[in-house]
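Accompanying notes for the structure given below.
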Amino acid sequence: MSGKQDVSFDPKEHQHLRYNPLRDSWVLVSAHRMKRPWAGQVERPPEEHIPRYDPNNPLCPGNKRANGEGNPDYDSTFVFENDFPALQPDAPDPGSEQDPLFQSKAARGVCKVMCFHPWSDVTLPLMKKEEVVKVIDKWAELVEELGTIYPWVQIFENKGAMMGCSNPHPHCQVWASNFLPNEPALSDRCQRAYYQKHGEPMLLQYAKREAEKKERVVVESSDWLAVVPYWATWPYQTLLLPRRHVLRMSDLTTEEREGLAAIMKRLLTKYDNLFEVSFPYSMGWHGAPTGPYLKEDNSHWQLHAHYYPPLLRSATVKKFMVGYEMLAQEQRDLTPEQAAEKLRNLPEEHYKTR
């Protein structure tokens with residue numbers, strides 16, 4: 001290829017690759033594709049008229065679940081063992097297969113469900129700040145309790161039918177495993193390598209740089225920062241970080257937990273206000289491993305939460321991770337800076353309470 005490039009690079013117009021240091025991978029950014037007309041799949045908008053109490057909803061207070069057990073008349077958070085767990089503590093060992101093409105290992109653990117609130121018609125952004133603090137306190141308690149035994153405790157929330165949530169009730173899941181799953185294992189390696197090379201935790205340094213630049217910041221406070229990460233894959237993906245070096249959820253101070261409740265409400269309100277719909281997403285917390293790792297130096301880790309929402313153009317048009325994304329590498333259709341600006345400029349009063 002010959003010839004001089006006359007056009008100056010514009011990230012909003014010209015495709016380019018961005019590096020994700022947490023996964024040692026690249027994402028293709030093709031923002032000009034947002035101009036193409038959409039004639040594909042249109043989703044049903046989320047149900048907006050959810051009853052506060054439904055006698056058939058297994059997560060409501062006082063109702064029976066699939067295994068016949070009854071929920072107490074809880075008035076705050078409520079945690080119970082998942083009735084259909086993906087991990088069980090006493091699963092047999094499959095034995096060690098020596099053939100490198102047919103390997104297996106024992107997988108053991110526990111799966112819990114945690115209801116945030118007794119009402120089905122509220123979500124985290126519509127809960128009171130003190131109610132969200134109780135959720136965070138329970139998260140920290142579960143990380144500490146399960147982390148005494150298990151190397152990894154994964155807190156995650158699938159919000160909305162679009163993300164596979166089958167029960168319209170504010171809740172999350174907590175899975176603890178006797179192994180370090182793929183994503184945190186990869187993140188652990190990348191953060192460790194960065195720390196060994198630069199002498200500071202990657203995400204602590206990243207938060208400082210993003211706070212200075214401002215261009216990808218969505219909401220911030222004295223203790224917390226929420227950004228559309230430079231390497232974001234999902235259209236309105238965000239990364240939520242403490243400004244202080246924090247290894248695990250259980251290490252957060254009372255003030256930091258209150259600050260986290262406030263910034264979560266602000267961020268999730270902006271999400272809902274974007275298309276004036278209860279915004280679907282999958283989110284989860286990553287912190288330093290637990291169990292046997294509690295005795296090791298995990299200074300390379302920084303606590304953080306990932307939010308992965310699928311919506312792209314409207315409440316009914318989502319981003320599909322197919323084709324090129326599945327077979328080659330991740331690709332996105334608007335720049336992280338454009339996404340951050342859209343979210344940042346939205347009001348912080350929820351559209352349902354205006």
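Glycine too: its Cβ is placed from the backbone N, Cα and C atoms.
Here the structure is a predicted model, which means the values were calculated and not measured.
Taken from TrEMBL as is:
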type	residues	note
DOMAIN	9-181	domain 'Galactose-1-phosphate uridyl transferase N-terminal'
BINDING	33-36, ALA66, 82-83, ASN158, 164-166, GLN173, 319-320, 324-325, GLN331	UDP-alpha-D-glucose binding site
REGION	38-74	region 'Disordered'
ACT_SITE	HIS171	active site, tele-UMP-histidine intermediate
DOMAIN	189-353	domain 'Galactose-1-phosphate uridyl transferase C-terminal'
REGION	335-354	region 'Disordered'
For the binding-site residues listed here, ASP83, GLU325, which shows the highest count of neighbouring CB atoms within 10 A? GLU325
With DSSP helix as H/G/I and strand as E/B, how many residues of the region 'Disordered' (335-354) fall in helix, strand and coil? 9 helix, 0 strand, 11 coil
Least Cβ-packed of the recorded positions CYS165, HIS171, LYS319 (other Cβ atoms within 10 Å) is CYS165
Provide, as an integer number of angstrom, the distance between the C-alpha atoms of GLU325 (UDP-alpha-D-glucose binding site) and the residue listed as 'active site, tele-UMP-histidine intermediate'. 30
